[in-house]
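Novice: Questions regarding the structure given below will be posed in turn.
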Amino acid sequence: MSAKQQQIKRIGVLTSGGDAPGMNAGIRAVVRASVYYKMTPLGIRHGYDGFINNEIHKMDAGSVKHIIHQGGTILKSARSMEFKTDKGMQKAWKNVQKHNLDAMVVIGGDGTFKGAMEFGKKFDFPIVGIPGTIDNDIYGTDFTVGFDTAVNTVVEAVDKIRDTATSHNRLFFVEVMGRDAGFIAMYSGIGAGAEEILIPEKDRGIEQLFESLERTSKRRKSSRLVVVAEGDKNGNVYDLEEQVKERFGDRYETKVTILGHVQRGGRPSCTDRVLASRLGVAAVEALKDGKRGVMVGVRNRKVEFTDLEQATKRNPEMDKELMRVANIISI
Ligand SMILES: Nc1ncnc2c1ncn2[C@@H]1O[C@H](COP(=O)(O)OP(=O)(O)O)[C@@H](O)[C@H]1O
Ligand SMILES: O=P(O)(O)OC[C@H]1O[C@](O)(COP(=O)(O)O)[C@@H](O)[C@@H]1O
Ligand SMILES: [Mg+2]
């Protein structure tokens, strides 16, 4: 073990960006693993805002009891404009010194990792990232913490919409989250049996939708569900509804549902709890072993490390096989 590795005694942990179910399981694992390895865990509240404003407190194994099943994040989260400035980062660095922090674990999405990478380089400070976002838009891990719970929430909601859509022979546009990525739409669309799935990763979305509506308007299907990722390039769900009305007139009766933040809340699924627990332990062990500037993820069921730089620069590819499956089963 090198001298640098032995120095890690006090580890900060924060959650940042959009909260995601399973973040609490991640915090719990980071805290418990730190205690297990005789280090002191410190919780940083309100993401990078709390890092700047000194909202930092010691934690212990007991401070994370009874949280594994709770959605949201007990440390709270924030989107911090100030952390994007040199002044903000300098203030946060003062707090690192004040609390003798040797390293930090950040749980969040691509933005959180960009901030971590910059801060880590600027002050030569060891940081490890855990992917926590419902969007699943991080390169270097098969799944992010929160994605599984979110898609299950969406499927449950879309199943309910299906009941009323079928009863009235209606066409529903359901908008799901995913700022720039279609993973939530693709998985929940397949899982809920949507007739069409519109995602930013696919260009032909609207034409394909028109073609399939043309085909099925003759068949009088009892209902149609179109799941649309919020980041889809063909416009928002209301624009889409308008375009369909213009083209098909009263051949389709249309409705729009925007699921919104209901997708971000709720009890984390077992899959998310296990993923977050594995990644929390792996993050602490990585820091203990001298790793820094990396994200811990799981690929092909194994824990893997990816440079934060890569994790933020590269976009995970939408699985072509999933698109093909969606196409085949929605005829
Ligand atoms: N280029 C950057 N430099 C410094 N901090 C950043 C940068 N990009 C994002 N951040 C910080 O990370 C926070 C979370 O990022 P955001 O994109 O909102 O969510 P997520 O991490 O879930 O993708 C931002 O509010 C900001 O404080
Ligand atoms: O809650 P906010 O700040 O309006 O953000 C909404 C965005 O956050 C998300 O729910 C999660 O994104 P991040 O994890 O990148 O923060 C996106 O799907 C959505 O576009
Ligand atoms: Mg993001």
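Backbone N, Cα and C atoms are what each Cβ position is placed from, and that goes for glycine too.
Curation plays no part in TrEMBL annotations; they are all automatic predictions.
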Novice: Which of these, G18, G22, G26, G43, does TrEMBL say binds ATP at the same site as R79, S80, G109, D110, G111, T112?
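Specialist: Checking G18, G22, G26, G43 against TrEMBL: the ATP site match is G18.
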Novice: TrEMBL records T133, I134, D135, M177, G178, R179, E230, K255, H261, V262, Q263, R264 as substrate-binding residues. Which of R170, R224 is assigned to the same site?
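Specialist: As annotated by TrEMBL, T133, I134, D135, M177, G178, R179, E230, K255, H261, V262, Q263, R264 share the substrate site with R170, chosen from R170, R224.
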Novice: Any idea what DSSP makes of M177 (substrate binding site), helix, strand or coil?
Specialist: coil
Novice: List those of the binding-site residues G109, D110, G111, T112 whose Cβ lies under 6 Å from any atom of ligand 3, in sequence order, or write none if there are none.
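Specialist: Among the binding-site residues listed, those whose Cβ sits under 6 Å from ligand 3 are G109, D110, G111.
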Novice: What does the structure give for the C-alpha distance between V262 (substrate binding site) and G18 (ATP binding site)? Integer Å is fine.
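Specialist: Roughly 13 Å, rounded to the nearest whole number.
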Novice: If you compare CA-to-CA distances from T133 (substrate binding site) to each of the binding-site residues R32, E195, S223, which comes out shortest?
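Specialist: Considering only the listed binding-site residues, the nearest one is R32.
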Novice: Of the binding-site residues S80, T133, D135, M177, G193, E195, which ones put their CB under 6 Å from ligand 2?
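Specialist: Cβ < 6 Å from ligand 2, in sequence order: T133, D135, M177.
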Novice: Using the Cβ centroid of G18, R79, S80, G109, D110, G111, T112 as the reference point for the ATP site, which residues of the same chain not in that list have Cβ within 8 Å?
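Specialist: Those within range, site residues removed, are S16, G17, G47, G108, G115, T133.
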